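Data first, discussion second: the structure below is written as structure tokens.
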Amino acid sequence: MAISSQYSRIFSLFTFLVVFFPPCLAEVRFSEIRSDDRSIIPFDDFGFTHTGRLELNVSHISLSNPNPELDLFQVGFFLSTRDSWIHVLQQIQDGEITCALQSGLVKVVYTFDRLKGAKNFGVVFTENEANQFTLVFANCLQQLQISMDIRSAMYNLDGRSGRRDYLSAGNSILPRVYFLFFLVYFSLAGLWIYVLYKKRLTVFRIHFFMLAVVLLKALNLLCEAEDKSYIKRTGSAHGWDVLFYIFSFLKGITLFTLIVLIGTGWSFLKPYLQDKEKKVLMIVIPLQVVANIAQVVIDESGPYAQDWITWKQVFLLVDVVCCCAVLFPIVWSIKNLREAARSDGKAAVNLMKLTLFRQYYIVVICYIYFTRVVVYALQTITSYRYLWTSVVAGELATLAFYVFTGYKFRPEVHNPYFVIDDEEEEAAAEALKLEDEFEL
């Protein structure tokens with residue numbers, strides 16, 4: 001019973017990984033396991049078609065206990081779907097089996113009893129069932145530590161040409177999706193340059209910063225398109241992943257900085273930042289550095305790494321903190337405008353500014369909620385064949401946010417002393433009184 005309870009905890013953790021974390025892109029993966037006694041080590045997920053293949057090459061195998069009497073049938077690799085894994089967990093809890101490799105619900109790829117004293121092996125496993133599988137290593141022998149080097153490659157064969165596709169069935173069209181969005185953002189950058197030229201007399205520094213954000217987003221999408229394209233064809237990014245991480249890092253920092261600067265009204269409402277606003281930037285920028293480091297570790301190591309979950313939690317925590325931090329400057333600007341409306345006698349002008357910042361506050365919250373919660377929910381509930389739809393949804397939401405920000409804060413003739421008659425001023429003053437009831 002104690003053994004069953006131990007495996008239940010470990011298998012529950014694996015179920016948590018499979019169900020609650022989106023699947024990885026299954027490029028050719030090189031993994032190193034050193035003196036590891038974990039009962040379950042999950043590797044990549046992959047969506048197979050009816051022509052799926054798994055190539056598994058393991059070398060430099062070393063066992064802490066070389067006793068030939070060990071039942072090495074309880075050590076090996078297998079493939080499992082989400083649904084099958086839940087049933088396997090139930091079998092272990094009910095005492096029907098003591099090791100996942102004993103279940104008829106998983107697809108055993110290789111067990112170590114076939115080694116016969118060898119230190120390496122290679123196997124090609126054909127998977128004709130169209131479904132999403134996870135490659136898993138099981139070690140059901142207590143206190144047995146294992147070291148080995150692993151090369152795994154999962155791919156589907158094109159039915160007509162027989163060409164290998166190393167992207168999961170639900171991610172196969174991602175290169176085209178990312179390239180299409182790159183063209184959209186590149187066009188937006190061109191349009192923004194045209195607007196800046198036409199309105200050059202009313203352009204502020206923030207508008208050039210907005211241009212930089214759009215260009216970095218476009219370059220990030222281009223690198224991601226090339227990254228996925230090379231992985232799709234060869235199983236390796238061929239260096240495009242490095243460029244992707246660089247531009248992803250720059251894009252993340254500049255986007256959050258832009259939201260903070262717009263929230264403070266920098267350059268178009270005031271030429272400087274207050275100390276508390278500078279402190280927000282001093283918090284957001286280092287956190288974005290940490291978030292990007294965590295993202296690189298998550299992508300490059302994979303679920304098999306012992307600290308993978310920790311890095312995943314760090315990334316989620318830092319991302320949430322950044323999203324909350326950027327809201328504070330917007331709240332401060334709204335309160336400052338409300339106070340200014342009571343003292344400077346320019347009710348109509350301040351009402352327009354206040355309305356704009358309120359709208360921006362709501363849109364930022366909607367953008368954060370959609371890209372962090374709704375997109376994640378889509379990844380969780382969508383069939384593996386249509387995982388690309390969550391990417392499209394997230395990119396469309398981001399595009400809408402960029403367009404809204406550019407339109408609302410575009411350069412235009414700004415005169416703080418608009419010609420407003422007394423009736424309009426009185427109406428604005430009454431509206432501002434109602435604004436006092438709006439609390440953030």
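Cβ atoms here come from the backbone N, Cα and C positions, even for glycine.
Under the heading domain 'CAND6/7 N-terminal', TrEMBL lists 32-156.
Annotation source TrEMBL lists domain 'GOST seven transmembrane' at 176-415.
Feature annotation from TrEMBL assigns signal peptide to 1-26.
According to TrEMBL, the feature transmembrane segment maps to 177-197 (among others).
Look at TrEMBL and you will find 204-222 (among others) tagged as transmembrane segment.
Under 8 Å from some Cβ of the transmembrane segment (242-268) lie the Cβ atoms of residues 204-206, 209-210, 212-213, 216-217, 219-220, 223-224, 226-227, 274, 277, 280-281, 284-285, 288-289, 291-292, 295-296, 322, 325-330, 332-333, 357, 360, 364, 405, 409, 414, all in the same chain and six or more residues away from its ends. Look at TrEMBL and you will find 242-268 (among others) tagged as transmembrane segment.
Residues or ranges marked as transmembrane segment in TrEMBL: 310-332 (among others).
Annotation source TrEMBL lists transmembrane segment at 360-378 (among others).
Under the heading transmembrane segment, TrEMBL lists 384-404 (among others). Listed as Cβ neighbours of the transmembrane segment (384-404) (distance under 8 Å, sequence separation of 6 or more from its ends, same chain) are residues 22-23, 47, 131-132, 168-174, 177, 181, 184-185, 188, 213-214, 217, 363-364, 367, 370-371, 374-375, 378.
Sorting each residue of the domain 'CAND6/7 N-terminal' (32-156) by its DSSP state yields 21 helix, 64 strand, 40 coil.
The stretch in 177-197, 310-332, 360-378 that contributes the largest number of Cβ pairs under 8 Å to the transmembrane segment (204-222) is 177-197. Within the chain carrying the transmembrane segment (177-197), a Cβ under 8 angstroms from the stretch's Cβ atoms is held by residues 203, 207-208, 210-211, 214-215, 217-218, 221-222, 224-225, 228, 388, 391-392, 395, 399, 402-403, 406, 410-411, all 6 or more beyond its ends.
Below 8 angstroms of C-beta separation, residues 21, 256, 259-260, 262-264, 276-277, 280, 283-284, 287-288, 290-291, 294-295, 297-298, 301, 357, 360-361, 364-365, 368, 372, 440 of the same chain, each at least six residues beyond the ends of the transmembrane segment (310-332), sit close to that stretch. Averaged across the domain 'CAND6/7 N-terminal' (32-156), pLDDT for the predicted model comes to 91.
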